[in-house]
Amino acid sequence: MSKNILILPGDGIGPEIVAEAVKVLEAASEKYNLGVELSYDDLGGAAYDRYGTPLADETLERGRQADAILLGAVGGPKWDTIEPALRPERGLLKIRSQLQLFGNLRPALLYPQLAEASTLKPEVVSGLDILIVRELTGGIYFGQPRERRVLDNGERQAYDTLPYSESEIRRIATVGFDMARLRSKKLCSVDKANVLASSQLWREVVEEVAKDYPDVELSHMYVDNAAMQLVRAPKQFDVIVTDNMFGDILSDQASMLTGSIGMLPSASLNAQNKGMYEPCHGSAPDIAGQGIANPLATILSVSMMLRYSFAEADAADAIEKAVSQVLDQGLRTGDIMAADCRQVGTREMGDAVVAALKNL
Ligand code: NAI
Ligand code: MG
């Protein structure tokens, strides 16, 4: 059966980095007989220019039909002045929520070749390879009621609500356990169960799901301690599962342990493991059109797609290995440039990954 992949290059550097990721995807497809079929559409500012909306209905429908989606990035100063509801970022939020992409996977992996990019001591971060599983469509960012008001005494007050239902917790916990099973079978659930009712339910439901995963070692940690442990001894973690807000903060913190934004891929999955895969960075308008952006985060997002949506672990491993070899060869885009390395552009980096992949 062919794998239907929708490509949404987006804005800014999006089309440049996605072109390289597609080359790598096609090379992997040929080498491993993956049978991928690609179709293209627009999202974000590019979609606004073409359809007058950042996410057209037919694009959303195409996303529903596809087995997986590869996205570049959206946004840029060109669209900063249009009305908020039509801004590029709205298209991204809408496709995530419409496709119920509640399972956000953000790996933080430090390539040994880039060890000097981290601000932490080499012995703390060398060999770091952790995965944060963040709940993406619930919790305090979506909770109702939320309100800002003026109290009787004239004081301004505002509040948000942090709701989690059993089913929402169960499905993200299941993603966490599934990921742990694919890796080193250790899962740490992060909450604030000493204070929050929603976290107490979170912990309870995670414990229930754990019964289906006797092979996975489960631990719990309060979020404040997790923040400390991530900088003190991050290698104690393998997979972390947590709610939307804690995951937002901890995943940004963890990503910076690796030091380089141009290297970090991500996946957002729904219950059927349909996923949208994209680099963690944005559209980088400051360097768009110059052919100098780092395509590796997007290329590594393709690897995640093959691993998580299609269970093609060999092909996924091969892409990661090819990226590692290219770094071994001393090739670097500007954002990860270091002494004694050779600076290359977007296309040259993509070509080098394709060549390494073919030669594996
Ligand atoms: P950004 O991630 O686009 O850029 C931050 C800095 O990192 C810039 O100096 C940029 O040149 C550099 N950078 C990013 N990706 C790079 C790459 N692959 N290679 C080399 N350098 C890279 O974040 P910023 O500047 O805050 O946002 C720019 C636009 O992107 C905004 O319109 C923002 O809304 C949008 N954005 C979109 C996201 C998405 O589509 N998922 C995520 C974050 C921002
Ligand atoms: Mg964030």
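Just so you know, glycine gets a Cβ as well, placed from its N, Cα and C.
Note that TrEMBL annotation is computational and uncurated.
Taken verbatim from TrEMBL:
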type	residues	note
BINDING	76-89, 282-294	NAD(+) binding site
BINDING	ARG96, ARG106, ARG134, ASP224	substrate binding site
BINDING	ASP224, ASP248, ASP252	Mg(2+) binding site
DOMAIN	4-353	domain 'Isopropylmalate dehydrogenase-like'
SITE	TYR141	site 'Important for catalysis'
SITE	LYS192	site 'Important for catalysis'
Self-check item: For ARG96 (substrate binding site), nearby residues of its own chain (Cβ under 8 Å, 6 or more apart in sequence)
Solution: LEU136, THR137, SER268, MET276
Quiz item: Which binding-site residues of GLY76, ASP252, ALA284, ALA288, ILE292 contact ligand 1 in the sense of C-beta under 6 Å?
Solution: GLY76, ALA284
Exercise. Go through the binding-site residues ASP80, ARG96, ARG134, ASP248, ASP252 and pull out the ones with a Cβ less than 6 angstroms from some atom of ligand 2.
Key: ASP248, ASP252
Quiz prompt | Assigned conformation of ILE292 (NAD(+) binding site) - DSSP reduced to three states | solution = coil
Exercise. Give me the Cα-Cα distance between PRO88 (NAD(+) binding site) and TYR141 (site 'Important for catalysis'), rounded to a whole Å.
Key: 19
Exercise. Averaged across the domain 'Isopropylmalate dehydrogenase-like' (4-353), what pLDDT does the model get? Just tell me the whole number, please.
Key: 95
Exercise. Whole-number Å only: compute the distance from the Cα of ALA288 (NAD(+) binding site) to the Cα of ARG134 (substrate binding site).
Key: 29
Exercise. Would you please pick out, from the recorded positions ARG106, ARG134, LYS192, the one with the fewest other Cβ atoms within 10 Å of its Cβ?
Key: LYS192
Quiz item: What is the biggest Cα to Cα gap, in Å, among ARG96, ARG106, ARG134, ASP224, the residues listed as binding substrate?
Solution: 28
Self-check item: Cα proximity to ARG106 (substrate binding site), best match among binding-site residues GLY76, ASP252, ALA284, ILE292
Solution: ASP252
Quiz item: So of all those binding-site residues, ASP80, ASP252, ALA284, ILE292, which one's Cα sits nearest to ASP224 (substrate binding site)?
Solution: ASP252
